[in-house]
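Listed in TrEMBL for this protein:
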- B:18-38: transmembrane segment (TRANSMEM)
- B:58-79: transmembrane segment (TRANSMEM)
- B:100-129: transmembrane segment (TRANSMEM)
- B:141-165: transmembrane segment (TRANSMEM)
- B:172-192: transmembrane segment (TRANSMEM)
- B:228-248: transmembrane segment (TRANSMEM)
Amino acid sequence: MSYVLRTRHLTKRYGQKAIVQDLNMNVRAGDIYGFLGQNGAGKTTTLRMIMGLIRPTAGEIEWFGEGRAGERARAFERVGAIIEYPGFYLNLSAADNLEIHRRLMGMGNKEAIDDVLTTVGLIGAKRQKVKSYSLGMKQRLGIARALLHHPELLILDEPTNGLDPGGIKEIRQLFLRLAKQRGITFIISSHLLSEIEQLATRVGIIHQGKLLEEIDYEALQRKSRRYLEIKVDDERRAAYILEQQLNASDYVAAGPGVLHLYEHLDRAADVNYTLATHGIGVKGIALSGDKLEDYFLKMTGGDPLV
Amino acid sequence: MFNVFYAELLKLKHSRMFWLVLVGALPANLITLFVMMPKVSMDGARVGVDMMYVFYRQGMMLVMMGPSMFTIMAAYIFAREYQERTINQLFSYPISRIRILAAKLSVVFALIAVTAALSSILALGVGVVQLIKQNAEWNTIWLGIRMNLMVIVLSFGTVPVAAAFGMAGKSVIPAAVVGSFATIVTVIGEIGHGRQSILFPWLTSYGPVRRMAQEIAQAGSNPYEPTAALILTVVFLVSLTYCLFHYVRTDVHSGS
């Protein structure tokens, strides 16, 4: 398995206060890594350390499976980032801002500027000064700049901050398209569960500076699904009856005499009746499991995300 | 390195920096114009243009404008990265921060050079005319050019101080205050024509200008020059070291 980015025991302390503690992050090639946490959880500090803007108190950052701290400059040629806010030289046009980026990245291909502005839908405003841009346009221009040098990894800190719902949807679709078409790996930090839910293939949950869990989104969904927990005297027969009578297929035998049924959640009474009329002894039936949000609440000790 | 320097220059496109250069250069040209006004001696005879005096006045005005102008230029180039929140991006490039610092300082040097060149344009024009009319010697013109070159180099000596204020204060304002203070001291120092005035780092560049004044020049070399050069060198190195430390070591936080 190839890792684009790994951190080992990454820590940042100010005096006695630990902002980020012992953080081990593992981002695989092709992941859309949702870095989820409340405001002040340590997301931005972590990303700043990764981008070399803050010096870690302890720990290491490993880039593309090879580079450690000394190789950072070389790794940065393969990384695009927007940390917190896409800053631009407001007296310049979008094209000039990207020209500065092109120069500083040492790129030869000037046509790439038009290509990337077309990708984010700003080609018509390329000569417009950035000071006249809306926040949404600036966010898109930030993404254009991050994409200009064809990075393998995009690090985006709260990229939908300040965008309207239409803009959020547009940017989300752009990320998904880039991940699919160009195979770009993403690290997207957010305090919005809904945003991560719609994008991420892997999720890292940070709370009070600690990475509580790092998990594939599918596994997370399984963990956080709601189900009917049915306690019966014969789970194999019960499963057969559910299949035959209720066309149920999404269930698991969770243990001796226990079935977890992930469908017909609002039909507990029907399930009970069907099993009982077919001679199954039903000892108990209850709605169980977590919604994704409940799962995060449990993980973070009851602190809501938003 | 050229790409980094060019990028820094490009950042100034459509900014007010070029107005600042013109504002810095204009007074010296106005004073040159004034010096060129027809003059008559006490006995009524017409007095020709004294090129030494033209360059002396031009240099005085340049050195007077320099502390505030060059301080604002340097502080703006450094502070704007924090004010426009481009510092995150700037420090995320695969370029060492030392090279970024060097490119920024080089741009300030170029701006000082352009300001000095523009401020001397009328004086040089007059000099060329006087040369053609054989009313002046090339040696005098060369002294004027050399004075301007020296002013450029010596004015650059205090640029890291302005840069340090710009990056530490993350604003042009602290540096502008320092520049205003330095200008006031410079004006007072120039009016006094004291030999020791060049010990003040922002007035060291007055040294070569002072030499141009014939009477003062005849008084011999200024014994304070080695000390002034030492003070300016120390100021330059200390402030440059601070800039290097700040750029390379300091964390860039939210809102920086």
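These residue numbers are counts, starting from 1, taken along the chain as shown.
Every residue, even glycine, has its Cβ placed from backbone N, Cα and C.
TrEMBL entries are annotated by machine, without manual review.
Keep in mind that this is a model prediction, so the values were computed, not measured.
Listed by sequence, the residues of this chain that lie at least six past the ends of the transmembrane segment (B:100-129) yet keep a Cβ under 8 A from its Cβ atoms are 1, 4-5, 7-9, 12, 17, 21-22, 24-29, 32-33, 36, 49, 51, 54-55, 58, 61-62, 65-66, 69-70, 73-74, 77-78, 90-91, 93, 136, 140-141, 144-145, 148, 151-152, 155-156, 159-160, 163, 243-244, 247. With a cut-off of 8 Å on Cβ pairs spaced 6 or more residues apart, the transmembrane segment (B:58-79) and the transmembrane segment (B:172-192) reach 3 or more such pairs and are scored as touching. Distant neighbours of the transmembrane segment (B:228-248): 97-98, 100-101, 154, 156-158, 160-161, 163-164, 167-168, 198-199, 201, 204, 207; these residues of the same chain sit at least 6 beyond its ends, with a Cβ under 8 Å from one of its Cβ atoms.
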